[in-house]
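For reference, TrEMBL has these:
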BINDING   150, 151, 152, 153, 204, 205, 206, 207, 208, 209, 210, 211, 212  GTP binding site
BINDING   284, 289, 291, 297  Zn(2+) binding site
DOMAIN    102-261  domain 'CP-type G'
DOMAIN    111-259  domain 'EngC GTPase'
Ligand SMILES: Nc1nc2c(ncn2[C@@H]2O[C@H](COP(=O)(O)OP(=O)(O)OP(=O)(O)O)[C@@H](O)[C@H]2O)c(=O)[nH]1
Ligand SMILES: [Zn+2]
């Protein structure tokens with residue numbers, strides 16, 4: 001049977017039990033969040049959960065809402081098939097991001113993470129500016145970072161040494177593990193830093209090999225397949241688990257918000273890693289050239305002339321597409337948040353009348 005301590009509940013949290021857990025309540029950890037529905041897990045099992053009304057009313061900012069990795073106190077209902085969340089434990093560590101356009105408003109991505117692996121592929125994805133952004137984010141939430149340079153099989157040893165020294169020259173002293181999912185190189189070192197009861201996360205752009213790393217550790221498709229369904233208050237909900245416990249007792253958190261982290265404002269990041277393409281683009285006929293089909297495009301001309309490799313161009317397009325996609329979805333979300341803000345304002349006005 002799994003215990004609270006296996007799930008990461010240690011003396012730091014124990015010190016808060018008397019303040020947070022009241023009579024008849026149990027301690028559990030949030031393993032998934034989907035708008036207002038949650039999954040919680042403890043020694044008894046993993047079940048759907050909802051916020052107690054009183055809890056919701058007292059929340060003044062979204063930061064006070066439970067996020068994945070949080071410890072909460074819950075009460076069981078419906079013969080233990082539904083949990084109601086009554087209290088939130090303080091966070092030992094967290095990952096959060098500033099919401100654009102607001103000065104103090106943060107969005108919580110996950111909580112109580114012991115170790116954040118910042119994953120970059122040695123190939124197209126390698127980017128010091130983005131690496132620094134992740135390191136700042138980890139430091140902000142007191143999360144210990146380790147840099148992973150993945151896909152080492154795609155570059156020569158000399159090229160890998162170059163990347164390692166580029167990181168050191170940038171003044172970054174964080175531990176670096178270079179590994180390949182293909183050859184298994186570096187995995188001994190990777191496994192050495194994974195401890196049972198510790199919560200980890202993988203941060204990095206799409207396609208750098210994060211999912212493959214988890215599957216490599218488990219020999220299964222843990223990150224992709226498991227969803228938990230349950231019946232609460234008559235509505236059937238299926239929520240994808242975002243905190244998983246591997247067979248070796250190591251926990252990994254993977255939330256949709258995490259996937260967006262690195263790409264926010266990546267426009268500048270794209271330019272940073274592809275200075276040669278940006279320089280070429282200066283000679284395009286149209287200032288807003290997309291470098292995909294325009295006549296007079298200097299980038300396309302360079303490919304035709306063999307000065308720019310197709311591969312490098314494809315890498316540029318891929319990163320640009322990802323960054324546009326995430327920036328777009330982030331803007332859409334902000335629009336929704338604004339609409340919700342207006343709704344609240346109107347509702348408050350109506351109340352006053
Ligand atoms: N050559 C090489 N390819 C790899 C390695 N690791 C992963 N890949 C490939 O890279 C692609 C992306 O890997 P994923 O593990 O899905 O990457 P991810 O970071 O999880 O991407 P998202 O799920 O989009 O966030 C897949 O086609 C993998 O087979 C590696 O070490 N070497
Ligand atoms: Zn162009």
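Keep in mind that glycine also has a Cβ here, set from the backbone N, Cα and C atoms.
Nobody curates TrEMBL annotations by hand; they come from automatic prediction.
Reduced to three states, the DSSP call for residue 208 (GTP binding site) is coil. For the domain 'EngC GTPase' (111-259), the DSSP counts in helix, strand and coil order read 52 helix, 41 strand, 56 coil. Across the annotated binding residues for GTP (150, 151, 152, 153, 204, 205, 206, 207, 208, 209, 210, 211, 212), the two most widely spaced Cα atoms sit 18 Å apart. Taking Cα separation as the measure, residue 289 (Zn(2+) binding site) is nearest to 206 of the binding-site residues 150, 152, 206, 212. In the vicinity of ligand 2, defined as a Cβ distance under 6 Å, the following of the binding-site residues 152, 204, 208, 284, 297 are placed: 284, 297.
Among the binding-site residues 206, 208, 210, 289, residues whose Cβ is positioned under 6 Å from ligand 1 are identified as 206, 208, 210. With a cut-off of 8 Å between CB atoms and residues at least 6 apart in sequence, the same chain places 181 near residue 212 (GTP binding site), listed in sequence order. Here residue 297 (Zn(2+) binding site) comes close to 284, 285, 289, 291: these same-chain residues lie at least six apart in sequence, with C-beta atoms under 8 angstroms from its C-beta. Just so you know, the Cβ of residue 291 (Zn(2+) binding site) picks up 19 other Cβ atoms within 10 Å once every protein chain is counted. Other Cβ atoms within 10 Å of the Cβ of residue 204 (GTP binding site) number 25 in total over all chains.
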